[in-house]
């Protein structure tokens, strides 16, 4: 049982998690029951997939109390809508069996696979959905024989297709969506700042194409209409973020299930068997959704790789600070912007004192740790819009826009004192301490100036600090 739920020692989060589980399951179950045709399983049954995602994502939900809350919520929804307690217990058991298998399988996947960040993640998700659906369908055989007196083979296939379709369609969104507050803020922020222009139209065109495809499904109809939305969903997968694409897939797939199945049932001849046709429709919709989902997953993996390559190209591998090239590019752009505003800035050149001696005495690995710690101290004293880079070796550069000279000088002194008073590394002989020399250049951008020139002036001031005894701050004095 430890593989299914984790025991939490904090009772209050467990209670809150259980209440959330009960609310989700009860609301989703009632919604699903409302889509249930007479004598069949519900067209839409989001409760199991949502509960599986909640147990996998929430530490406070996957507890014995959370499972009890889910059981009570399933039972309450069934009893409230007319099922007897015997039937409700069997149906709840089947639902929880599928959820348990889904939770076990999902927890065996890596975080990247659960969040669909790798091309093969969709395959694993599909297998997880099949495993959970299989567990529920096995229980469905018993329900068909003992409760409804139905053919067990038909019941198994129908139950499996329904559960599989719901898991495959719902789990991608439920597993990848951010916290609801973040997701709703993103959506409301889009509409709040909505301005109709060419760029907005280009952004909205894939979503509009989805709506057009759904209209064509309703207007044209026919067996081929099931694939009408696929090109539009593929377009969404190439343009939108993964969680937005999964939301479109969820909404479109459920819309197709409702429209196509209800249309099929309304035109069904009397005494015809609808089960296999509905199974085919549900499985077809679920499998069609895998195409856009795979494209979205591959695009997410590609974007992550591009981001990592971009970060590697523009950041120092050791300290994580900007590289010299990125610093020069961003700094030059900042100076150009401030020149138009007649702003002011401060440039600092910082150099760790006696760094070669640290390497010779304690080794290069210890020297690397010193650089990392020094970079951390410097970065911890900066604002969000300040630029910091490792310019090479033990030398760092800073650009501070819009800072008064007195404030900049105070910042330099704080950095110097913090480094002097902090053990920046450990060696076999004890803690490693060092100091830093800082050159400061103040400049008011009343006329164009290059970043190269300002850095040269900062270097001159920094070398003056070295010559004056190190561990000090020297302000560059322009020639009069």
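For all residues, glycine too, the Cβ spot is worked out from N, Cα and C.
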Transmembrane segment according to TrEMBL, located in which of 203-220, 257-274, 275-292, 293-310: 203-220
Of the residue ranges 232-252, 316-336, 337-357, the one that TrEMBL records as transmembrane segment: 232-252
From 47-64, 65-82, the residue range that TrEMBL assigns the feature transmembrane segment: 65-82
The transmembrane segment (88-106) versus listed stretches 65-82, 127-148, 203-220, 232-252: most Cβ pairs under 8 Å: 127-148
